[in-house]
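**Student:** Below you will find the structure I want to go over with you.
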Amino acid sequence: MNESFDKDFSNHTPMMQQYLKLKAQHPEILLFYRMGDFYELFYDDAKRASQLLDISLTKRGASAGEPIPMAGIPHHAVENYLAKLVNQGESVAICEQIGDPATSKGPVERKVVRIVTPGTISDEALLQERQDNLLAAIWQDGKGYGYATLDISSGRFRLSEPADRETMAAELQRTNPAELLYAEDFAEMALIEGRRGLRRRPLWEFEIDTARQQLNLQFGTRDLVGFGVENASRGLCAAGCLLQYVKDTQRTSLPHIRSITMERQQDSIIMDAATRRNLEITQNLAGGVENTLAAVLDCTVTPMGSRMLKRWLHMPVRNTDILRERQQTIGALQDTVSELQPVLRQVGDLERILARLALRTARPRDLARMRHAFQQLPELHAQLETVDSAPVQALRKKMGDFAELRDLLERAIIDAPPVLVRDGGVIAPGYHEELDEWRALADGATDYLDCLEIRERERTGLDTLKVGYNAVHGYYIQISRGQSHLAPINYVRRQTLKNAERYIIPELKEYEDKVLTSKGKALALEKQLYDELFDLLLPHLADLQQSANALAELDVLVNLAERAWTLNYTCPTFTDKPGIRITEGRHPVVEQVLNEPFIANPLNLSPQRRMLIITGPNMGGKSTYMRQTALIALLAYIGSYVPAQNVEIGPIDRIFTRVGAADDLASGRSTFMVEMTETANILHNATENSLVLMDEIGRGTSTYDGLSLAWACAENLANKIKALTLFATHYFELTQLPEKMEGVANVHLDALEHGDTIAFMHSVQDGAASKSYGLAVAALAGVPKEVIKRARQKLRELESISPNAAATQVDGTQMSLLAAPEEASPAVEALENLDPDSLTPRQALEWIYRLKSLV
């Protein structure tokens, strides 16, 4: 049967009718249909689930005359299966039994209680703890894009309005949403194709009036002026759709989503998608996390601190007041790192616990962890109180104390609660008198049964008699088969076993009813008290979220203080003067993976020295030198200390990199096309305050096409845009640029060649390189000796053709580098055919005269 169901379900059994009606409401996602201790899937859902989860596909009888494909998973293992599905971009509707089987006529009443989607998960089992999990929505009109993101596990709600396609692509790269909502008429599908968790939504969900109404209702406001987003119509369209989707899937109130923030380009350093990829900030070029900037810098001790640090790295701020405050805090905290980090480690992931509290899905162990976090606050306050720093004291104030809530949770929750409240044993003894009474009644069963067993043995004289309990038959008196014929007349047989008989007596049955009632009453009351705890905690949610944010920021700053001390970083100085001056700068990642000391290098960029033409051998360190400059600037603009002896840095609005390239086969773009697209983006968007890294421009095409493009790009950047530029090249003709224009200088990375070997010095020197050492590098790479020999031969031949051809033809027509050598003269031909060993002295003399006549 296909899932495009006919609306007439009358041919099906009542249970399948109920299932099909629920499934018709959620046709595009999997439906987990609760039946007893299992969640069942039927028809096409069962087939898909069996493939996605590698579970058995079976059949369940027949309905409407056809066998029903079925697959099932145990309810206690549902989180593991949900995690697998979410990681594959699937969404699941969870359908629970809400009716009482004992009183239901026909199928037990069921309804979908929540929808689990990749972008709306909050359960810790489904989340990557050190990575944000974002739901996003994108909207487009003739003026640009609207983009909104929400981290439901923290309540962080952001919107932006990228003006063009490149900026929008950069935002998608930066935020990397787990789920992306888009309008059904979205025109730029190429922009989002291939992304995980794509969800097509109807146009009406993006209506601006509906969006304003939804957002005002959520925040309890009359307008959005206070959030600074009133006029961001494109962003609001996206935000409205996103909020509607969250409400549809969560089916509960969202008190932790209390505000929305506008992210403006002018507030942060802009990095496009290529730059984020090339700088390997949180992901390396192979898609992993090893040997990235975050891998070196992130030694935070809480998951929420780790997530905040990654947000900082992907969004460096331009406000130097904020940056200087962070620098001051890092300096002030350096002496207390070893005391603070062990305490902070105990705080855990308070941010996500609070989100689950707001959604009323927090489990007993979440509340125990919250209590443990509160218990660390007095120690943190005591340690920070002595730190002489206004920013530190401001953070300490935001952390709060929450002594009353700590006391409440200490009284209410036992030390090591079970996973689920339905298992009982969550509320601590002494917290509620009535609960203690019901528990005492239930727990007193053991003493009563021991007394009953002793009494009945003495009364009957049956030494094999014992009293027991099982979940199926309840309490019983058991007598061995050999003595069962001696059972008293008031013993009513309940169960026959191979070697024994089990009985019940009125007294035991009466006690059983009493105990089971007390257990049920205790569990029901415990669940009620647990829910009341939420009601007591939620009024403090805003203060708790502020505290969690302050603790995460403290973790980040303490971590940066530790990294600065451990890795020998220094505090950079911000200046209003354009430029970057670095003394003994180092690459933060490369220096950690090298087995030998890293060679530190200087850099000086200023209005009088805007562009460096960087030459030198392959493997000499040109790309490392360029990237380390960008990473030092990036670290400075998150407020961190930097890997250098001294850094003075002026205003930077954007960082661009044109470093390396590969075919983009999915989009049908060659390596050269990718290179030129990235170059065009730089030339259109760079400003005099931009930091631009250009590596080997033009190498993807013919020599003189490439040289001409590289020359023109360098001219444009130096003369028109006047950006701060590092321009690495193997075109030695470009080393003439400093002679032709102001603000351009040559530097090179040194190497020493000895015979057929080469030693890279990795040190930056003024002036142009003398040669490229390409053949020496090829020999190091293991290219066969005969190939290297032939290459040297061809190199000499090419150099003899026109050693200065390139310099004289930069603006001229392209000359063939592999032109055929000139015809040999008759004298040369005669010599080639001559065998000197076969000549007599007289013949040799004659040949000399003959050759002279041929010259």
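Using N, Cα and C of the backbone, Cβ positions are placed for all residues, glycine too.
As listed in Swiss-Prot for this protein:
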- G616, P617, N618, M619, G620, G621, K622, S623: ATP binding site (BINDING)
**Student:** According to DSSP, does S623 (ATP binding site) sit in a helix, a strand, or coil?
**Tutor:** helix
**Student:** Which site among G616, P617, G620, G621 has the most other CB atoms no more than 10 Å from its CB, taking these as binding-site residues?
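**Tutor:** Output for this query is G616.
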**Student:** Run through the Cβ atoms and count how many others sit within 10 Å of the one on S623 (ATP binding site).
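**Tutor:** Excluding its own Cβ, the number within 10 Å is 21.
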**Student:** Using DSSP with the three-state reduction, classify G616 (ATP binding site) as helix, strand or coil.
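**Tutor:** G616 (ATP binding site) sits in coil per DSSP, no helix or strand.
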**Student:** Which has the fewest other CB atoms in a 10 Å radius around its CB: M619, K622, the listed binding-site residues?
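**Tutor:** Checked M619, K622; of these binding-site residues, fewest Cβ neighbours within 10 Å: M619.
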**Student:** Around N618 (ATP binding site), how many other C-beta atoms are within 10 angstroms of its C-beta?
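**Tutor:** Result for N618 (ATP binding site): 19 neighbouring Cβ atoms inside 10 Å.
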